[in-house]
Structure formats: C-alpha cells, structure tokens
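Shown next, in structure tokens, is the structure this report addresses.
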Amino acid sequence: MDRRKLIFGKFWLFGLLNNVLYVVILAAAVDIVGPTLPKSLILLADILPSFLVKLVAPFFIDRVEYHYRIWSLIALSGFGMLLVASGRLGVCIVGIVLASISSGVGEITFLQLTHYFSHVALNGWSSGTGGAGLAGSFLYMLLTSILKIPVSRSLLLFSILPIGFLLYFTLQVERTAYEPLASGHFMEAEDNSGSVISLEAPRTTVDNARDCASRPRLAALRERIEVTMRRLKVLVVPYMIPLSTVYLFEYLINQGVSPTLMFPIHEGYGTSQLFHKYRDIYVAYGTLYQLGVFISRSSGSWVRIRGLYLLSVLQFLNLVILLIQSWYYVIHSVWVIMAIVLYEGLLGGASYVNSFLNISEDVPLAEREFSLGAVSISDSSGTLVAAFIGILLEPVLCSHQVKTGRPWCQLE
C-alpha cells in the first residue's frame, strides 16, 4: 500500500478511536441519568476534564514519552467505559471523567505526532474525528434502539475499542525518519507532494529554558505571559468568539433543549413505528446532528465560508426556534425538528472547519501553529459554558411541559 495512504489510514483511525467514546457517552446521556436529571450533567463530566487537560498539558506533556501516553490512553478509556457500563450513576460519572481525560491527552498526543509526518497525517486525523461523531452516535442507536441490546452491554462493547491505540507502535519505524534534531540543525521531511524538503528543527523546551536561565524566573514568566496574551488578543474577535458561540448554542440545543423535544408515541401517530421509547427520539437527534457535522467538516475543500459570525447568528436562531418549540409545542411533526437538528449539525461542522481554514489562509506563517492551537480551545470553552447553563435549562423546560400536559420528557 502507498505509504501516504497508510499514514492517512492510521491517523484516521486514531482520530476515530480518540473521539468516538466522547460521542457515545453523550448519546447515552439519557440512559445514564434517566429522564428526570438534566443531560448536561453528562456533558459537563464529558468535557470539563478534557478541557482542563488541554489547559495544563503544555507545561508538562513534552516530558512524557509517547509510548507511556498511549498505554495511559488504553488504560484510562478502557477502564473508564467499564465503569460507565456499571449502571450506577456515581460510578458512571467517574468512568466518564477517566474517558474525558483520555480524550484530552489523546488529542494533544496525536496532533503532536502529526509533526513527524507529512500533512497527510493531520488530514487523516481531522477526518477521523469527524467520522467518530457519526460512527459513535449511529452505532449506539443501532445497538440500543434497533437491535435492542441492553444499554449496559452496549457500553461494555465500546470498552474494547481503545485496544486499537496499539496501532501506534507500528508507527515507530516510520517515525524515525522525522525525528527532530537539536535546535539550529536541519532535518529532512516530506511535503504534501511526497518530495523531500529541508526544514529547520524547532527549538526545544531545553533551549528555551537555557535562554531564561540568566534572568529571574518570575520576570521571565511575566514576560512570557504578556507575550502570549498579546498573541491571543488578535485571535479573539475574528476566530475565537464566533467558534465558541456556535458551540455554545449547539450544545445548549443538544443537551439542554433536545431532551425536551419529545412527541407522543402511540398508535395512529407518525412516530409509533419509528420510535418505541421516548429515549429513542433523543438518540436519533444525536445521530442526525453528528451526520450534519460529518458532512460539513468534510466539505471545507469546496464550500468556503468567510463570515464566521453569520454561522453564529444562524445557530442562535436555531436555538431560539427550538426553545419556542419546547415551550409552546408549535410544531407537531418530529420530521421538521429532525431536519432542524441536521441543519444545526451542518452549521456546527461548517464553523469548525472554516475557522481553521481561515486561520491557515489569513494568519502569517510564523504565527500559524500557535494560532491553530490557541483557537482549538474555543469549541471546548463554548461547550463547557453550555453544560453549566443546560443543567438549569432542561429542568425548567421539562417542568413547564409537565404542567401543560406534556409529560413525555419524564418518560422513558
């Protein structure tokens, strides 16, 4: 097999494996907490540990060898899913936290690994993370809603997936050709066309530490923080705010509003043959959302959107429409709501891919690597805020529905 295709395939699998459990856990939120507790509790447990890992990892992650990280991914995510499958809420939350830590470490690890290969590795990783959303939500719907496999057994099956990270060890031979040399020297690497080019190796942490050794540590730290803040400041308005707000609105929909977008299930109603339980509707919403995300994340090469704030406005309108639906029940067709959820996913995926494409095209080369890494935390921050708001929002919506004769949000 062509080496470039092989690398693409391996990193595609790494992206899939690293993100699929995050998606499965969100899809299973209604089954983990039941109909009476807010689903945003699961979103919070699923995103907060990963978010914290991304914040602190730059200070220590370079000291941890890759093979140790891979074994930690397998242990954390595998054991975490075993706990999630236990069926006890407290134990499930602990398992979700472990899986979330694994996801955060995995994202940092594999993004760093792409440095040792041509750009095809980064393309494979990005595509795999998009595929994880669709695969995870669809597989969970297939196992629980269609095949009727019990939730605990379905979640137990997913605990096997982290073993696939062992594929990393087949990269060792390939990686040696891209090992960085000491600062000031040169190494050979492949560009996107497969030809060999000469690149100066990046400065190492040791090099930077030596530069700071002659200055007081506190002064050096203060200077570094000031420089970093200046670099971040120019990214906030054009990239970080629109991306974070899109994710804020869409995850408010997914975890705060969607659990209340229920319809009656009985003979003579259009949903009776498609859905057997109310939780099936919620799982279907998740699958459609991930389908939209996958489609739009894969369309960046032929559909380009420069106005990122337009996507934020459109996603906000989706939130408003679905809030009105949850409160007043103005739309009596589940198909219309499913179409809106699919459209919501399209907007979310488009915001993600176009944000980073815009950075790649607009930001100077010297700042591009930093900018891509810095802006990547925007989606997590928006999701995190949505989790806190959703914990309060869903009970309010569901309580109002029960009072107005629509108790479906409390039923299984």
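Heads up, the Cβ atoms here are built off N, Cα and C, so glycines get one too.
The signal peptide annotation in Swiss-Prot covers 1-29 and is backed by sequence analysis.
Under the heading transmembrane segment, Swiss-Prot lists 41-61 (among others), citing sequence analysis as support. Sequence-distant contacts of the transmembrane segment (41-61) (same chain, six or more residues past either end, CB-CB distance under 8 Å): 22, 25-26, 28-29, 32-33, 69, 93, 96-97, 99-101, 103-105, 107-109, 112, 251, 254-255, 376-377, 380-381, 383-384, 386-388, 390-391.
Among the features that Swiss-Prot reports, transmembrane segment is placed at 70-90 (among others), with the record citing sequence analysis. For the transmembrane segment (70-90), the list of distant contacts is 18, 21, 25, 28, 32-33, 96-99, 101-103, 105-106, 109, 151-153, 155-156, 158-163, 165-166, 168-169: same-chain residues at least six beyond its ends, Cβ to Cβ under 8 Å.
Summarising the annotation, Swiss-Prot assigns transmembrane segment to 91-111 (among others).
Under the heading transmembrane segment, Swiss-Prot lists 131-151 (among others).
Annotation source Swiss-Prot lists transmembrane segment at 154-174 (among others).
Sequence annotations record features per position, and here Swiss-Prot assigns transmembrane segment to 234-254 (among others) based on sequence analysis.
What Swiss-Prot lists as transmembrane segment is 281-300 (among others).
What Swiss-Prot records for 307-329 (among others) is transmembrane segment, and it gives sequence analysis as the kind of evidence. Among residues of the same chain six or more beyond the transmembrane segment (307-329), those with a C-beta under 8 A of the stretch's C-beta atoms are 238-239, 241-243, 245-246, 249-250, 252-253, 257-258, 260-261, 337, 340, 343-344, 347-348, 350-351, 354-355, 358, 397, 400-401, 404, 406.
The transmembrane segment feature in Swiss-Prot is assigned to 334-356 (among others).
Most Cβ pairs under 8 A with the transmembrane segment (281-300) among the ranges 91-111, 131-151, 154-174, 234-254, 334-356 are made by 334-356. Residues 12, 15-24, 27-28, 31, 87, 157-158, 275-277, 280, 283-284, 286-287, 289-291, 293-294 of the same chain sit 6 or more residues outside the transmembrane segment (131-151) yet have a Cβ under 8 Å from a Cβ within it.
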